[in-house]
Each structure stands twice: as C-alpha cells, then as structure tokens.
Amino acid sequence: MDVLELLRASANGCYNTIFSDAWSQYVSQQITSSLYLYIALGILTVLFVAWFIYFKRLARLRLRDEIARSLNAVTSASGGDLRGLRFRKRDKMLFYGRRMLRKMKNVSGQMYSSGKGYKRRAVMRFARRILQLRRENMPLEMRTVEPPAEYLEETIEGSDRVPPDALYMLQSIRIFGHFEKPVFLKLCKHTQVLELMAGDYLFKITDADDSVYIVQSGMINVYISNADGSTLSLKTVRKGESVTSLLSFIDVLSGNPSYYKTVTAKAMEKSVVIRLPMQAFEEVFRENPDVMIRVIQVIMIRLQRVLFTALRNYLGLNAELVQNHMRNKSITISGHLNSQSQSSQSMRQQTTATATGGTSATALGGQQLPAAVPSLPLQRQPPPPTIAPPLRHSREEHTLSGPNPNPNSGNNVQLPEVHGDAPNIDIYHQQQHGGSTSTGNLSTRRGSLVQPSIGGGGGGSTAQEGGCAAAGAPTIDMRLIQSSAVESLRKELGLPNEDAHIIEPFVEVRELEPNVTLITEGNADDVCIWFVMTGTLAVYQGVADATRSSTATTKSDKSDLLIHFVHPGEIVGGLAMLTGEASAYTIRSRNNSRVAYIRRAAIYQIMRQRPRIVLDLGNGVVRRLSPLVRQCDYALDWIFLESGRAVYRQDESSDSTYIVLSGRMRSVITNPGGKKEIVGEYGKGDLVGIVEMITETSRTTTVMAVRDSELAKLPEGLFNAIKLRYPIVVTKLISFLSHRFLGSMQTRGSTGAPGAPVEANPVTHKYSTVALVPITDEVPLTPFTYELYHSLCAIGPVLRLTSEVVRKQLGQNIFEAANEYRLTSWLAQQEDRNIITLYQCDNSLSPWTHRCMRQADVILIVGLGDRSHLVGKFEREIDRLAMRTQKELVLLYPETTNAKPANTLSWLNARPWVTKHHHVLCVKRIFTRKSQYRINDLYSRVLLSEPNMHSDFSRLARWLTGNSIGLVLGGGGARGAAHIGMLKAIQEAGIPIDMVGGVSIGALMGALWCSERNITTVTQKARQWSKKMTKWFLQLLDLTYPITSMFSGREFNKTIHDTFGDVSIEDLWIPYFTLTTDITASCHRIHTNGSLWRYVRSSMSLSGYMPPLCDPKDGHLLLDGGYVNNLPGHLWRYCRASMSIAGVFPPFCDYRDGHLLLDGCYTNNVPADVMHNLGAAHIIAIDVGSQDDTDLTNYGDDLSGWWLLYKKWNPFTSPVKVPDLPDIQSRLAYVSCVRQLEEVKNSDYCEYIRPPIDKYKTLAFGSFDEIRDVGYVFGKNYFESMAKAGRLGRFNQWFNKEPPKRGNHASLNEYTFIDLAQIVCKLPETYAVNTAEIFSEDEDCDGYISEPSTLNTDRRIQVPRAGNSLSLSEAEMDSDVEIDFRSDSKKDKATQSTPPAPGKDNEDKTDAVDRIPLLTLERPLTDQQQQHSDETDEQETPRAMKDGTNTMTTQTTSPTTDAGSEWAGSESELEKENKNVNTKN
C-alpha cells in the first residue's frame, strides 16, 4: 500500500485547513525522497552508536585510573610492602561458599532447563523481563478432535455364520423383494451347482431364459452377438454377483418363457455357478399368493426406477425404451348378442355398421361375417380379418446388436404417423341423432377427466376419426359397445369367459376429442387401465435431465417428448397400476377416439378376486418394452448397501459407474501418509465413478454408504454398447460432465488450503431426509418441527413424519420385522415425492428412533441455548447408532429475552461429533406449554400463513435444501462504509442473508451484521469505530520504529476490541468467516471459529503499516486476507487479524498456533469462491477495493530515474505514468487477488457488485456518512433494476409468494404407498392388545433385520455340503431351528439385551397363528359391508387430520372416527405406553 496515499487520505479526511494542506505537502515531499531519509537515519544511528561506545570506553578508562590511584595510595601507606596483608578466614569461607553454590545452580539449571524449546523460552522470558510484557488471559479454545474411524472408514465384517453360497444367493434374490426364512429355504431346495471350465458356455443363444445364475467363484463374461457375427461385452460377472433378467422372470411366471436371442455368457476362467430355476418361485407363489403379488410389484418398481432412471435421465434414451408400434397384432373385440332386446337380423345389421366414415365391415374384410360369430377380429392392415386369439406383441428393432438406421437418433425419434384412415377395432358407432338407451352400468363417473360424456340417454354426438358421421348412419346400442369393451378388457387381463361379470361393473367408456389429456406425468390420482377402441392415443414424457428436480410438476407442452402411440386394441397404464406410484407418462388423445378404462380402485377389487391378473398386467408392460431394455436388463444391477459398506475402494479397477437411487454416499481419499480426508458426498440422483470409468483409470477414492442406500450399477460394457448404437448418449454425457467440471473449477480456489475447515470440501449441502433429536425432554421438539416444516413449505413439498403419524397410516404393528418391506417402501415413496422429509424422533430409543437414524442424511440435535451444555445418555446413544451420519447442533433461544448466544464453545467441545451449529431465535408460541392436541390445532392455523423468509427457521430450511444465500464483503479501507448502505438496500429488497464472509474492512462490517442483525445498531457501531480512526493524536502515540510496521497496533487493537468485546465467532447469530493471509505458511486461512476481534484485526493488517497478527493457535503470522482473496475463537482477534495492513499495523499472532496473520486482501479480497465452498448456492459479492491504473506510459527498454524526477518537477512537460517502488510491490502482492477476482466475476453463482466509491481514499474515515449514502443509493437502484429485469428471483425463486392453501402442507392422503399384497390378499391390520409390551420388546432390540446382506446363519445348523445344492442340507431346510440372519455384532448385542423368553403358552399361540394360511386370516364381509367398502374405494375420499396434515385411508373395515378424537386418542395411548414402559423398566 502506498504510504503517500495513506497520509494524504488521512489529511484530506480529517482536516481542510491551510495548515493541514501545507503540512501534508511538506510531509509528502519529505517522504518522496525516502532514500535520503533512510540515509540520514543511518548516519544518526552510526553517530549514536559511536558516541555510546566512546562514552563506555571513557568511563572504563576513568574507573581504571581511579583503581590505580587507590593502589598507589595503599602502597605508599604500607611502605610499598604488601606481603603482610591477608584475607580473613570468614571472608575466605564466604567467598568459596558462594562460588560453590554458583556452580551448583548452573548445573541444576542445565539439568532441568534443557530440552526442546529451551532457548525459545529463555528468549521469551528475557524479552518479557526487558520489555515488561504482560501475558493476557487467552480465550477458551475450540477442541479439535479428529472424527472417529468409522466416519471415514468402511465396515469390514466377515460372514462366518453364513455359507458363501447361501450368502450370495441371499444377495442375488433380494432384487425380487424380501423373503421370509421358510420361503428362502424352499427356494434353496431347487438350486443346482454348475462347474464350468474356462471357455465353457453358461448359456448361449436359443437356450431357455428361465434361470437365475449366481457366481460362487470365478468370472463370467456376458456379451451380445451382433448381426455381422462380432461380439460386444456387456459386463463381467465376478464372485458374488448374478446374471438375471427381471423381464424374463415375468415371462416365466406368466407361462410364456422366452429364450436368449442375442445374449451369451461364457466362463473366462474356472468357475462355480449356482443355478436357481425361475420355476422354483411358482411353487412358492402357489402357497403364498401375497408373495407373488409383492414380487411383481417390486419388479415393476425397480424396473421403473433402475432402468428408466439410468437410461432416460443420464443416457438420454426415451422413445428407444418402448416399441413404437405393435406389428402382427390381431385384436378381437366381442359383441355379445342380446336376444332379449334385439333380433339376430338387427344384430347382424349393427355388426356391419361402419366405424369410420361409413365404411362397412365388408369393405374392411372383403366378406360378410356370419351372425353366429361371437367376436369380430380385425387387423390394422387391410388384409381380411381372421378369427384367432390375440398374438403376442412383436418388438420394435431397438437393440444393441442390430443396425441403426438413424445413428444420430436419440430424443428425436421419428415415430410412425397414424392418419385418419387407420382401422378401428370398434365396428360400432353412434348416429349423430341416435336414441339408444344405455344400461345402468354405463353411468359416467367424473374424475379429473375433462371430456364430454356419451350424451343423455345413452346417445351422443361424437365425431369419428375418419371424418364426420353420415346423417343416415345406423344407431348403435350402447350396450353392445359396453359388452365389446368388457370382452376386450377381459382378454387383456387374462380372465376366462365365466369371469366377465367380475369386471363388467367397473368398465367405463369415454368419447374423446383431439388433444384431451387423460393423465399427466406425475399424477397419481387418475391412474387407470386404458384400452383404445377407436382412434389413437399419444404418450408423452417430459424431457429428462439428470439435474432436473424430481419435484417439478409444471412444464409446458413444448417440453414434452413423444414416446409412442397407442393404437386400437392396445392397453396402457399397467406400469403405474402395478407400482402404485404416479404415472410416468402424459397420455393425450391424438384424434377423435373412444377408450374403455377401469379405475385403480376397481382394478384392486378385481385383484382381490383374481390375483393372477397382476401377471397379465406385468406381461403387458414387458411386451411394450423394446429389446434394448431387455438387453440392458441383463447388464444393469440393483445394489443395496447398508451403512458403512463400500461401493468401491481406492486403487481398484473402474469398470462401472453407479447411480444413487436413494440414500447418501461419502467419498474418502487416503493420502500417502495414511491420513483420510473427505472428498465429497453424493445424494439421490448423483452419478458416482463416471470419470474413472470413462478415462479407464483406477479408483481415486473410496466411496461408502453413509446410510442405507440403493444404487443402480451401470457396467462399462453396457455403456460402450449403448454409445456405439446411440451417439446421442455421448452428447448427453459431455453436457453432464462439462457442468460438473465447470463447477469444480469454479470452487477449486480454496479447497485443500491449510486451516480450511471440513466444510471447505466440495460436500453437497442438500439433504433429502433430516432426523430431529431432542437433547432433553424440555426441548419443544414438536413445535420446532412444525416451525421448520412451515419454512420448508415455502421452498417445495415437504413431509413431517412421527411415530404416531406412521402408525396411523400403516397400522400399529408397522414397526415389526414382518412389515419391514412395507415400511421401507412407503418411506422411499414419500422421500421421492418430497424435496425433504422430516423424521421427528421419540424421546427414547424406540424402534421409530432407530428407523429415523437409519433414514437420515443429517441429524439435527436440538437443545436449549440457555440451559446446561452437558451431554445426556440418550444423545450418546444417538452418536453410537449413526456414527457416519453428519450431525448438526441447533440451539434455541426465546424471542422474549434479548440475550445473545454465549458459551457456544462449551456446547461444541462437549460434542466433538457435531460438524456445524445453528443459532435459532424462536417466537413465543414455541415455548408455550400445551398438550399435543392443542399444539396440532395451533399449527393447523399457523401453517396457513406465509412464513417469514428472514427468520432463523427459514435460514435453516434454506441450508438443509441447498438454497443458502451468502453475502461477501470485500476490503477497501474507509470505502467499506458503503457496505452499510448496501446492507440496508439488500434488506429493503427483501433478500435474506444466510451466511456472511468478509476481508479487511468487510470482515469488520460483516461481523457487526452477524452479531446485531439490526441495520440501525450496525450503523451506529460502524460510525463510532470510524470516528476513532480519525483521531490523529492516538495514531501518533501508536507510532513505533519502522522495522516491521509504522504503528505498533496497540491502539488499533483497542478500537476493534471495544467494538466487539470478547465474543467468539461461534456465538454469532449468522454463520460467519473471515480470511487472512498467513505469512508463516504462505497461504490464506479461513477462520470460522475463534476470537472474533483478533481475526478481524488480522484481516486488516496491511503490510508496512500494521505488524502481522500472530495466530495464537499455531504461531503463524497472519496478514490482510485481501492479498490472496479480497472478497471471502474471540471475534475481535480475527477481525483484527483480517485488518493487519502490512507496513502500517504489525502482523497479528494467532493465539492458537502462533502463526502471523495479515490482511486477507493480499490473497483474496472478494472470497466468493470460499463462500460457495462453504455451502452458499447464491452469493452477493460487494467489492470496494481500489483499482489499479492500467494506462501506463511506454518508456522503452530502459528507464532513468533522473528523467522521471525531471518529468515530475518540471511543470512545463507532460506527466508520465510509471509505477514507483511501493506501487510495484503492491501490484506484486495483489497478483493472486486480481486473478481470483476475475474468476468470481465470471462465475454463475455470484452477483458481483461494485459501488461508485473510487473517489474516496483508503483512510477517509471522516467521510463515513457520505460513503454510506453512496452505497445505499447505488444498491437501491441496482436491486430495483434487477427486479424489473426479473433477475432478482434468483435469490428468492424458491419462495412461494402465495400463502399455502388448506391441506397443501401434507400430502399423505394425496398419494401413498400401495401394497398390492395387502390389498389383494386382504391381509388385516393386527392391533396388539397390550401395546406397552410391544414397546418394551422393541426398545431392547437394535433396529431391524432389514436386508439379507447382514444375515448370518447360526453355527448350530451348519453341516457339510450334500450333493449339488447349497451348503444348507436337506435337514437344515426342513428343520425348525431358527436361523439368525443378523450380523455378528448385531447378534451379540441383541443377545445381551434380549428379554427372557416368553412362556410356553404364548409360544404355542404364536406358532399356531403363524401356521394359519394368510388368506384365511380375514373375517368374510357381509354384503352390506362389501358394498360400503366398494363405495369407499371408488370415491377414495381422504380424511383430514385435525392438525392440518392429511392421513392415508387404510384398508380396514373399522368405521372412520373423528379426526380430532383420533389425535386425542393416539396421544393418550402414547402416554399410557410410555408410563407402562417406565414402570416395566
């Protein structure tokens, strides 16, 4: 920094008199010739030293002369003889004693004072003794504790209790769902062990595709054969992996087994493979139909999630996944003859009526159909119709092996057009003025379908697709249309003729005009089975993008992509019907069409009577898929990982990539020294390991599951095959990787710097599931959850779940191990439909609390900030249960008290597992003690109001969803007063501030805002501090000898300390950081904790003016952070460190490590990149630094200083612009800062703002009000222009301006998980009589037995292998010995905490109940009850809870009670249960 500029600014800012101008001019002239000043100082120093030496020598000579005179006097007095003189004995003893003691003291000092650091301590003691320094009391330091080993290491557990072959089979068949032990043992009986040599075929083309193959040892290569005879590898199957196809599984179960057409598997080395025939499942399904239905549903769900997610969202394949049209399909539409109402002749006339514009059946087929024919088959092509059963749908040539007619096809696939002359299968039509009477079964039910009904009295006016109906066309009886639709749907559902009466009451017919939307993508209310009778339906899908939010529900029609057409005789809607999820497509009518449909509730009622129709529906979905999907089905794998399990490890070969379907993954790198660091975290929808796979390099990190997670594995072979077939995939991936690398380049600046916190790593701060845990029973957890839920509703759909809500939706016994699949599936669907799900834990270690820990991406530990910080037993158990899950501390403060956060370090030091903390100011209603019912009633009204976007709850909500808004304040001396005006303008613009970072003067202003959050108070304190900086006499008293800096920094420290006091960064309301330049380690440092005033002072230590601040942590010297990054404990210390201007103020010594800190402007004067790394999604960066003059004079190859002096002093010559020595040094110091600033300006996450304050100098603190007004006016105009241009929405685009409507804050009843097995097989809800006993048993167990990956077999039943089967022998399969499938650790834990075994009577009763078949557990319904159940299913009327949240209608026969009474009843029952548990314990 130029000294001349500073002194001029000081003079101009404080004095306007003639004397001050003359004084400043005189000083300027003197400093200009600084070389002469230094020479003069040197001469004076030499003269002073010479005089000092001369004086000391003169004094020594005088002393010697005096001694000589004294000796001469003694000699003369004794006559010149000194032999008679001697010392006295006591003088001798005293002399020798002192001498001995002096030697002993030196020896002891060497013994006890030597060692490491002795010299340094001795020098410090000597300096204190000389300079009389006082060691001030150091503040409380934050204890730095390394995370536990489990946080960064994977879980490596053996499976000694399970034979390897049985374990591999368990892991392979779990893709079909969860199987109980008896079912698994029955499947084991059908296994076969195959031994293959290298080169042997496991299966090849034309072999039956009817088995599941599990590799026990060795390696199998799965490849496809092309038409030219070449092969292309899909994947390599290694030990423990399997080869299976979900689509082939459905084919086998439906009685239509297929064969391998293009896929072949060959052993690459000697291998042992376990073969499980798919026919083995049929035996199990016959005995347990609910298992069959559940397996079909699981297959459909995973088909939709794994295949469609991988191929559609990431590879850009849409229309290629389904067949564009069905060829060689013969459709039969039956028209039942009604002899009671019409004669045979009239029926024959009606059957020959035209379906399109008067075309007769004779014209279509070339012959007259006999009247005795009960069905009229028609084909799409003009050849004559034949009476034949429906043929299977042929597949469109979308394969990996066939030639691609359009290699650039991707999203723009040309589908065959179906024009008006397309044949229709419904040969009946209505006359425009017909008068047929419809039956009672044809009553039109109006849902969300907005299309005209079939006229009054059964007739209607409908335009057919071939043209307008002729006026004289015959009239069709609606009963014949209805019977035709019933017969067609009966055959599509695979029902025999005698079961037509089952579906007849539920079949509805609609006449559609062109462009009528039947159902939209993402809609779950209007899911139906649609059968096209005439016309054509078009199926669309939104343009998929890997970065697109799953919660987006509104999009224009232009973004929809045409997938395929549904022609007459085809059915659509089976996938959504079987999965129970929302529709994945948008279906519209392409022209005038007639469709028959059955609603979802009706289909489920039909399934109850005929469960086998799920196979026909599933087979219909499979037939529609292209061969490409089947080939991908062999290669794509579904993987379930428990918490701690590794996806892949560092230095392993990379042969696949993974897609996170649910859960959370953590990437950890192991450095050469063995230390492990977090590289990043991945959430739902992220792509893991894609870079290593494409570049064919080994894995650079280890990726493990933070919680239970589901992944889709995409092998490299499949990726290459799709790449060759569809080049559009390359474009899709290039776009995806470009965005990823661009983001990593923009955030690379401060990553990995010394002193950077863990949050500086590129960890995604966007969570899908959040668990809320109270520290004590005094914490108002329910009101806190409601307030957070209220703020989250402004961002997107959110769900709040408690144990009471889950039991109310899914039954009281939902937390039992038998209901594991139903609970996990329901929770997974809720997480998919909402951007975030809140899991409110119980106040004890209940099964629900265990479930919350397993489901959570992050755990919020909620406590009261004004209470004790001690850790409770319950909180320690939470850390033990979820060691890898990130935990954040939330401290609540009542709004009525004006107290600020304090003692936060004590909270954090007591909880080393906490990675972040939040201070939340709560309104009065949160701490009001009320009953659960009154709390629910209160927040049912609060949730209808608009949330306060500036509250701490909204700030916490934005942090959890990855929408935080950061404010970065740059350095610039007195020009930083513009920050105050900009803060006021930001507040008036309605932009919330969630995080603040600053450098130099920006560190001071940002710390004031985080501490006060009131613009008036911040302005007053900033003005007072600026006024102190204008007192020149205090600055003169602070002058010192300019070895390190011009000022000692004592008075400057006092001004910052008086502003903040002894406040720590952890005690600020808003997350804050400051940046300094560490001259000890030659890097920048980010301070997010510690002494506030010290690090602000360090960030303001400009070189040459203030000495660097010595970091008390490690002793490093810190300078102004602007030298490396001009935009980014006790608070004042780090503020002081951030203001340590080199040369003016001395570097500030960090009290933690002793590093010297200087102003952060030397490294980064606008640290917006640091803010982005800390989790801010949108950033406002305000730059008030000085700008260097780039218009310099070209003086040639050499430069004479005398010529510059002549140009400067000669008023008659033109001035030249050449930098002097201080200016050159300043430009060199700011080189990295300028580069960092340009990157910030070009980033897409930052809004760079620079107020017009260039005319103000760095030390013009006297112009505080003027500079502040300039910043305010500029900021107000800037944000108004942004609002007019529509760019202000990037800072509040997530915020819902409209208040939420009633019932919108919970969506449990709008859409919920549908368990087909429970619906079809009528499995009743079993409510326990004594719920306290259930709670006591559940609380003792450690979680669930959720997945087979942790299942271990008891050693008691392990016997040697018998025959070509699994290691489980026949005796084991038939024995009644209970197999414990838990892991070793969990079993030992459960063994220690298992309660005593129940009595003999209870055990016998339990066994008796288990032996009853599932289908006989339900009491038969009476006719009246059945009618009431049917009406309930058809209407699907939701019930609203009293607290404003919706609940799901359960499949029970109990009458519906009042919502308020339900809440009150559940609360009283919960209190009784807790009392019983406490009593029993």
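Backbone N, Cα and C define each Cβ position, glycine as well.
According to Swiss-Prot, the feature topological domain 'Lumenal' maps to 1-34. Summarising model confidence by region, the topological domain 'Lumenal' (1-34) averages a pLDDT of 54.
Swiss-Prot lists 56-1481 with the feature topological domain 'Cytoplasmic', giving sequence analysis as the kind of evidence.
Summarising the annotation, Swiss-Prot assigns region 'Disordered' to 336-420 (among others).
What Swiss-Prot records for 492-624 is nucleoside 3',5'-cyclic phosphate 2 binding site, and it gives sequence analysis as the kind of evidence. The 10 Å shell around the Cβ of Arg594 (nucleoside 3',5'-cyclic phosphate 2 binding site) contains 28 further Cβ atoms across the protein chains shown.
Sequence-distant contacts of the motif 'GXGXXG' (971-976), counting only residues of its own chain at least 6 positions beyond either end whose CB sits under 8 Å from a CB of the stretch, comprise 9, 13, 998-1005, 1026, 1029, 1099-1100, 1120-1122, 1126, 1159-1161, 1165, 1183-1186, 1253, 1256-1261, 1263-1264, 1267. Taken from Swiss-Prot, the feature motif 'GXGXXG' applies to 971-976.
The region 'Disordered' annotation in Swiss-Prot covers 1366-1481 (among others).
Note on Val509 (nucleoside 3',5'-cyclic phosphate 2 binding site): other Cβ atoms within 10 Å of its Cβ, all shown chains, come to 22. Sequence-distant neighbours of Met577 (nucleoside 3',5'-cyclic phosphate 2 binding site): residues of the same chain at least 6 apart with a C-beta under 8 Å from its C-beta are Val527, Cys528, Ile529, Arg600, Ile603, Leu617.
Counted with DSSP, the motif 'GXGXXG' (971-976) comes out as 4 helix, 0 strand, 2 coil.
Using a 10 Å radius centred on the Cβ of Asp526 (nucleoside 3',5'-cyclic phosphate 2 binding site) and all shown protein chains, the other Cβ atoms total 20. Met577 (nucleoside 3',5'-cyclic phosphate 2 binding site) carries a helical DSSP state (H, G or I). Within 10 Å of the Cβ of Pro611 (nucleoside 3',5'-cyclic phosphate 2 binding site) there are 20 other Cβ atoms, across all protein chains.
The number of other Cβ atoms within 10 Å of the Cβ belonging to Asp560 (nucleoside 3',5'-cyclic phosphate 2 binding site), over all protein chains shown, comes to 19.
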